[in-house]
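This report concerns only the one structure given below.
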C-alpha cells in the first residue's frame, strides 16, 4: 500500500445532490487521492467543503481546471459535460460522466461494474454512467441474463424526487407541508423544470420523467430501453418502460416483468440473485419482507424481492427492484468505476 | 316521473369511507328513495347523518334491519357481508356487495356497468362490486376488448391509501407530518392491519396490498387477475398484476401493457377510448396532459392517457389509467348498479 499510486481527482458539480454523495463516498472509501478539486458553476463557486482534514474551496469549472487532473467525475448536467469533457480529455484526464451526454455515443463505454466492467478499458477518455433507473435494473437482471438469456422486459418505475435534483426534493417537501396545512401545492419544478406545465408531486403520481419523444415515450423511458441493450451488449433484448415520479425522497422502486429465453426453476433464480455481486435478496412473503425505498436509502446495494413465477407465461417471472438512485443509481456507480480505474493503474 | 317507484334503501357500513360516498351519491343523483336506513357496527351506531332534509340515526346492522328493504349496499367488510347478505336475501332485499365475499361465487354476477350490465338480471339476490383496481382497468380496456380482443395484460398499480380505509388515510397524513417534523413514522396500520409487520407509507412505496397467496402474489393481485376474467366473461385473458401502495390519498393509477389479438391503428384506439362510456381520454403529450390522481379525485369517470404503441410487440400498447378508488372504484360503481336496478323496476 505504501507504493499505491495517488490520483488528482476532480468532482464537477460538487455542490449538487450527486456531487455531494460522490465526495462523501471518495472519503468513506478512502479513494487514493493526492489532490481533490471541487468544481461547480460560477454561481456555486466559493463555498468551502470539508474533505478529511482539508477544507476545499469550490472553484468555477473551466477548461484549465483539468490541468494535471487524472480522474474527473462529472455530474453537472449534459451541457457542462459536452463543453468540458473534450477539454479534460485533451489534458489527459479520464472522465466519468453521470449525464446522458455520452451514454449512447458508440465510442463511449456505458458501464455498470457488476454487468460490464470489461468495457472499461475500451474508453477514449470518457466512461459513461447510465441513467439511475437503468443501473439498478440491469444489475439485478444480469445473473438471469447470464444463466437463461432475456427475451423481454416490461418495467414500471416508482421514482424518487431526488432524481430531479435538490430543488425537486425541496419542492416535494414544501408541497407536502402546504397541503397538510390546507394550502395549495403551487408546483414550480416538476415534472420537468424546463417545460411550461407543472404538476403537484406531493400525494400524487406523475407519469412523466423528462420530455416526450415523438413515439409517445419519454426520454427517461427511452434511456431505460436503449441503455439496457447497450450495457448488456445485446440489441435483441426487448424493453418496454413506463417511468413515474412518486412522492419518495430517496430510492427508486421498479416493478419488473421479465421473459427469459429458457425454462427456469424459481429456487435457482433466487439463488442466482442472492449470489450476485451488489445485489441483496429481500424476499420472504411470510415475514412481509421485500425491498422498500425508505430502507434502501443510504445503502450502496440493489435490493430485489417479490420474486414470483408468472402465472401465464412459463418463461416469465416478476420482481421488485429498489436502490438508492443517488448512490448505486449515480454517485456510487461512478465511484466504483473510478476505483476500477485506480486498481488498473496500480 | 310522478309514478316513479320509490325504494327502501339500506347502506351497510354507513360511517366508513365508502359508505359516506355512497350516501353522498344517492343524494346528489336523486336516487328514488322512500326510506333510507343507515346501518353500521354496534360501535359506530348512534351517530346522526344528514340526508336531504332528514336527519338519520345510524343503527347497528342486524338481520331484522332488512325487513322491508328493497336495495342494500354493503361496504362493511367481507365478514359482515357473509353474515348479513343471506339474511337480507331471505327478506327479499337485493344486495349490492362492495366486499370480496361474493365476487368469485359462480352464482353471483360481478358487474361493472360499462362492461357487463347485461349480467345484472342473473342475480340471485346479490350483485358483487369488483375490487377498485380492477374496475377502472376493465372499464378502460372494454372498448379495446370489443374491437380487437385481448390476449394479455401486465399491470403495475400505484394505489391510494384510502383503499385501505379512513384509518390508513389518517396514518399516512400523520406519518407525513411526523417525518416532516423530523420524527419517526411509527407505522401501525399498513400494509395490512391484521398482519404483524407494519411499514412506513409516507414518502415510500409498499409492494404489498392484502395478504400473500402461496404463489407469491397477493390477494389484491389475484383479484385483478381473476375478476378481470370474470367481468370480461373470458377466461383466456392472461393478466399479471403487481399491486403497490403509494402515499396518495384518493385515486389509483395504473401502468398497463396490453397485448391485443389483432392489429390496430393508434388513432382508432384513441377514438374508441374517447367514445367509451365513463372514460375520459386525457392524452396530449405536447401539452403535458395525462391523468393524475389529484385531478381524478372526486370525479366519477376513469381517465386514460400515455397511450402509445409498444416498440417491440406490434400488437401491444401501453396506457396510464387513473380513477377515484372510492368512487368508480367502489361507491359510484355500486350506486350505478342500484340505478340500473331502479330503472329495471320501473
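A Cβ is built for glycine as well, from the same backbone N, Cα and C atoms used for every other residue.
According to DSSP, residue A:132 (active site, acyl-thioester intermediate) is assigned to a helical segment. Note: residue A:132 (active site, acyl-thioester intermediate) has non-local neighbours A:159, A:163, A:252, A:325, A:326, A:329, A:330, i.e. same-chain residues 6+ apart with C-beta under 8 A of its own C-beta. Marked as active site, acyl-thioester intermediate by TrEMBL: A:132.
Look at TrEMBL and you will find A:252 tagged as active site, proton acceptor. Cβ neighbour count for residue A:252 (active site, proton acceptor) (all protein chains, 10 Å cutoff from its Cβ): 31.
TrEMBL lists A:15, A:16, A:17, A:18, A:43, A:44, A:162, A:163, A:325 with the feature NADP(+) binding site. Of all Cβ atoms in the protein chains displayed, 21 besides its own lie within 10 Å of the Cβ of residue A:17 (NADP(+) binding site).
DSSP classifies residue A:103 (phosphate binding site) as coil under the three-state reduction. Among the features that TrEMBL reports, phosphate binding site is placed at A:103.
Neighbours of residue A:245 (substrate binding site), defined as other CB atoms within 10 A of its CB across all chains, total 27. Marked as substrate binding site by TrEMBL: A:159, A:245.
Feature annotation from TrEMBL assigns domain 'Semialdehyde dehydrogenase NAD-binding' to A:8-123.
Of all Cβ atoms in the shown protein chains, 22 besides its own fall within 10 Å of the Cβ of residue A:103 (phosphate binding site).
Here residue A:245 (substrate binding site) is compared against the binding-site residues A:15, A:17, A:43, and the shortest C-alpha distance is to A:17. Note on the domain 'Semialdehyde dehydrogenase NAD-binding' (A:8-123): mean pLDDT across this stretch is 97. Here residue A:103 (phosphate binding site) is positioned 20 angstrom away from residue A:17 (NADP(+) binding site), judged by their C-alpha atoms. If you take the Cα of residue A:162 (NADP(+) binding site) and the Cα of residue A:103 (phosphate binding site), they are about 21 angstrom apart, rounded to a whole number. Comparing the binding-site residues A:162, A:325 on other C-beta atoms within 10 angstroms of each C-beta gives the minimum for A:162. Residues of the domain 'Semialdehyde dehydrogenase NAD-binding' (A:8-123) grouped by DSSP class, helix first, strand second and coil last, total 39 helix, 32 strand, 45 coil.
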